[in-house]
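Here TrEMBL flags 1-17 as signal peptide. The domain 'Sushi' annotation in TrEMBL covers 32-92. Annotated disulfide bond per TrEMBL: CYS34-CYS77, CYS63-CYS90, in sequence order.
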Amino acid sequence: MVLYPFIFLLFFRRVATITFPPSSSSSSSTSLFCLQPFVPENAHVIFNEPGPYARDTVAKYSCALGFDLIGSEERTCLSDGSWSDEPPICAIDVAFNKPVTQSSGNVATALGGTLCTMTNDESKSFWEVDLLGDYSIRSISMKLGTKSSPIVSVEAIETGGAVHQCIVDSSLFTANQTTSISCSYDTVSRLRITATRRLHLCQVNVYAVNAESGKVLIH
């Protein structure tokens, strides 16, 4: 009778030391999913499967009729649950066919293709476009000619006179190559581009998200 508790204790200790392999679900790392990505104004996004979205799922952006897509057309779901790249912008070029002035030289009424405008070789030459309205701008594209000096400022000017400096790195601009810069301000009515000396411009696009596609000419 005395041996029974002793035998039970030995059996219990043996059972207590038994270990089991971890289940496959606990040994594998947790897989993160992406949620709905940001959809900008005048845009929509489509997927080939419903959400939440697994890694490598591609989000394809497109714009409403008459709006240009600026930026990446596709974004990919990453392993950390975020989306690649920045969301694009769907906007309209509100500078096209608008009145322009410049510090000197002959003013070209439209820029693009082989048509360029150039100032004299003088200090702080500028080119300015009147947008003929108040716009919420988001991006600016520019192409310099081969005779242009470095750009020192791109200013977004409100109707009330407030001046906003768009972020400009002169090293980004290369002659005969279109360069886009982010410039996000509301109620902008004019845009001024200033160079250290001679300004040689071959393309300027000012993209706004609150323009009406039926009332603005598109390139």
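Residue 1 is the first one shown; counting continues down the chain.
Glycine is treated like the rest: Cβ placed from N, Cα and C.
Any TrEMBL annotation is an automated prediction that lacks curation.
Note that the structure is predicted; figures quoted are calculated from it, not measured.
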(request) Using DSSP, tally how many residues of the domain 'Sushi' (32-92) sit in helix, strand and coil. (result) 0 helix, 24 strand, 37 coil
(request) Run through the Cβ atoms and count how many others sit within 10 Å of the one on CYS77 (disulfide bond). (result) 24
(message) Quick check for the class: what is the C-alpha distance, in angstrom and rounded, between CYS63 (disulfide bond) and CYS34 (disulfide bond)?
(response) 22
(request) Would you mind giving the whole-number mean pLDDT across the domain 'Sushi' (32-92)? (result) 94
(message) Measuring Cα to Cα, how far is CYS34 (disulfide bond) from CYS90 (disulfide bond) in Å?
(response) 23
(message) For the C-alpha pair, I'd like the distance in angstrom between CYS90 (disulfide bond) and CYS77 (disulfide bond), rounded off.
(response) 21
